Amino acid sequence: MRGNKNYYFLSLLYFLSLPILHFSSCTHKCGDIQIPFPFGIGEIGCYLDEWYQVECRPSATSGKVFPFLPKINMEVVNISLPGTNDDIFYTYPSFSSIRVKSPVASMGCSTDGNDSGLTLNFTETPFFFGDQNNLVAVGCNNKASLTNVEPTMVGCESTCTTSNNSRSIPFFNKVGCSGSVDSVTRDLLPKNYIPVCSTTKIQDDTLICNGEGCCQAKAPVGSQQLIGVTITNSTNGNLTKGGGCKVAFLTDEVYTLSNATDPEQFFSKGVTVSLGWFIQTKNHSFLQSLDCQNRGELDKGKKRTRQCTCDNHIASGMGYASCACASGYKGNPYVSDDCQDINECTEYKNPCGDTRILYRNTCINTSGGHRCIDYHIPEVMLGLGAGFFVLIVGGGIWWWRKLLRKRRMTNRKRKFFKRNGGLLLQQQLNTTQGRVEKTKLFSSRELEKATDNFNDNRVIGQGGQGTVYKGMLVDGRSVAVKKSNVVDEDKLQEFINEVIILSQINHRHVVKLLGCCLETEVPILVYEFIPNGNLFQHLHEEFDDYTALWGVRMRIAVDISGAFSYLHTAACSPIYHRDIKSTNILLDEKYRAKVSDFGTSRSVSIDHTHWTTVISGTVGYVDPEYYGSSHFTEKSDVYSFGVVLVELITGEKPVITLSETQEITGLADYFRLAMRENRLFEIIDARIRNDCKLEQVIAVANLALRCLKKTGKTRPDMREVSTALERICSAPEDFQVQIQIDEEDETTKLFRGYSGSTEIARSM
């Protein structure tokens, strides 16, 4: 155990000694090129690991030495750290860059042997392509393209035409941003990094390589590590030259018509390509020894406490990092304590602005920055006085504008209140005080506060007529606030009358109208809030809940039929719902049904229709007789309720697609056909089929069949429907009924049980 501790201690001392060795005995320069750590020349310890080892080799022609990276077999042109003035890789502020000499792809040249393609592969290395590189092609009849950049296509075409005014266009130079960024590099990219996807521009468009002898296209960005270059012969028919030397290469240098005329020159001269690099090492102790602050902490708003920052990431035991000196410091972040404070007061010209005596500022250098102090007291006082004056004048203007805006808003609310019939509503509320004392006229401010200014997060329903928001009143009550999209001004009188009528409805299975607001452009209705969704959701969506029981569905049918019977007959004046459907039947926390969205729909509808002239309703629920005559009656509500009964029995939606023929049909027609063919048991919802009271289901099906008769006169009214459902619900378990077939379809009656059991079915 002691031996292991000694080993770890010696290893730590060794890793901490690496930067010291770099300063004391290592060479920092090869020729005219600086070699900053983690790169290094010489013995182990002068560089981080083999990826960063640099050899200083002599040139075979000039005799001068040049730096060389043996691990990737490339000559080094320049190495820069982030934040330095010579950092050409400026679009990666968190990455360092290195420029290396790159080979070229060629065809038809004296030295290539028809090598028409090359591949630059930096996978599994700490190097990747920078975004300053372009694809350049030189030579006649030359079509060059990049490979391994899918799905991006990058290429251009260089031709030599008969006329200097005729220039070819790159055959696909629309460069997209590559999405092939490896996960390690993506984690190290700065969060504010925006890749550059446009092609390279030169101020003088007449000099750019635009296809006449040479062409260029922007290489994709995104930290790619594998790119290939290929050359093919162009098939352009307007050529005077087709042979000769052709070259193509990836480079960060700018080539124009003046310096890219001879393809052969690129073999001797060479080209440079820009690469980004980061730290890739298994030596986690080295990263810890830098004592840099994690850049993620700064992104979260944490105060800077170190002289350097790093983006760190560990994957598969390998440590990855990209470091930089913090703002206000300069140096090498990969050498411990090498980031030194910049004295802005001496290194920058006029860091505090104007240096005239009257406005003299004193610069004081601070760690990572500087401060400017104005010692000219009179000007300070003058500035404070002017500031107070501007503040007072600005405050007065703000208060005056606020007063005008408030007065304008008050006048607007008063106008809306009068136009929306508020005076008439107040008068009628006063005359019926005893019956509608709970109805309230809400102010727009109350409802804005209750719904958080009608915040989209409060939306609980949205449809053609308007949007419903969940709100909370100051007394703690949860309410549903219905804000219509448009109002028909010709029907405002009718709307007010409906509010009076609905305010007098007091039925436990009808959603209570609590009041309205008339101070807005369109009237807003306020209902009690029902928290458990609607029947449609529980029947047709993934709800594994209480409604899967037949007894619960039977109770819902009894409750809502009683509510509609009350609206048709027991209310002070008949109210026809006109849009009965499962989405308008709400369930509270105890699965008690409540009817919503009745009566007022014709007053606040966005389609401006009169209920006796234009068809309105929901597909699958509309009475076919009403559809043909445009005349709505109480029996039209009965038909829609019959569709809801079929939904409760079958669990199907009002419009279905037949599995055999893929034909779209209404649930009512599908149900009538199944009853004619004595297939009721087959279409019963599988969730209730095994534990339901079959005689009750048959009785309800017979009742639904009567409700769905095509002529309104032959349908029962809602009072009969409600009474029949209550009798079915309370009948003994062993009662028997017959399956009753629609006589209009001229089919034979099928029976279940004995003939004496028809009394209940006929009474329905």
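Note: Cβ is positioned from N, Cα and C throughout, glycine not excepted.
Given the structure is predicted, the values throughout are model-derived calculations rather than measurements.
Swiss-Prot has this to say about the protein:
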- 27-379: topological domain 'Extracellular' (TOPO_DOM)
- 308-372: region 'Atypical EGF-like' (REGION)
- Cys310-Cys323: disulfide bond (DISULFID)
- Cys345-Cys363: disulfide bond (DISULFID)
- Cys352-Cys372: disulfide bond (DISULFID)
- Tyr527: phosphotyrosine (MOD_RES)
- Thr613: phosphothreonine (MOD_RES)
- Thr618: phosphothreonine (MOD_RES)
- Tyr626: phosphotyrosine (MOD_RES)
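Between the alpha carbons (Cα) of Cys372 (disulfide bond) and Cys310 (disulfide bond) lies a span of roughly 30 Å. Per-class residue totals from DSSP over the region 'Atypical EGF-like' (308-372), listed helix then strand then coil: 7 helix, 30 strand, 28 coil. The distance from the Cα of Tyr527 (phosphotyrosine) to the Cα of Cys310 (disulfide bond) comes to 57 Å. Neighbour count (other Cβ atoms within 10 Å of the Cβ, all protein chains): 23 for Tyr626 (phosphotyrosine). Between the alpha carbons (Cα) of Cys323 (disulfide bond) and Cys345 (disulfide bond) lies a span of roughly 26 Å.
Taking Cys345 (disulfide bond) as the reference point, the recorded positions whose C-alpha atoms are within 10 Å of its C-alpha, out of Cys310, Cys352, Tyr626, are Cys352.
Annotation for Cys310 (disulfide bond): spatial neighbours Leu287, Leu290, Cys292, Gln293, Asn294, Arg295, Ala321, Ser322, Cys323, Ala324, Pro333, criterion Cβ-Cβ under 8 Å with sequence separation of six or more.
Within the same chain, residues at least six positions away from Cys352 (disulfide bond) with a Cβ under 8 Å of its Cβ are Asn361, Thr362, Cys363, His370, Cys372. Ranking the disulfide-bonded residues Cys323, Cys345, Cys363, Cys372 by the number of CB atoms within 10 A of their own CB puts Cys323 at the top. Spacing of Tyr626 (phosphotyrosine) relative to Thr618 (phosphothreonine) is 12 Å (Cα to Cα, whole number).
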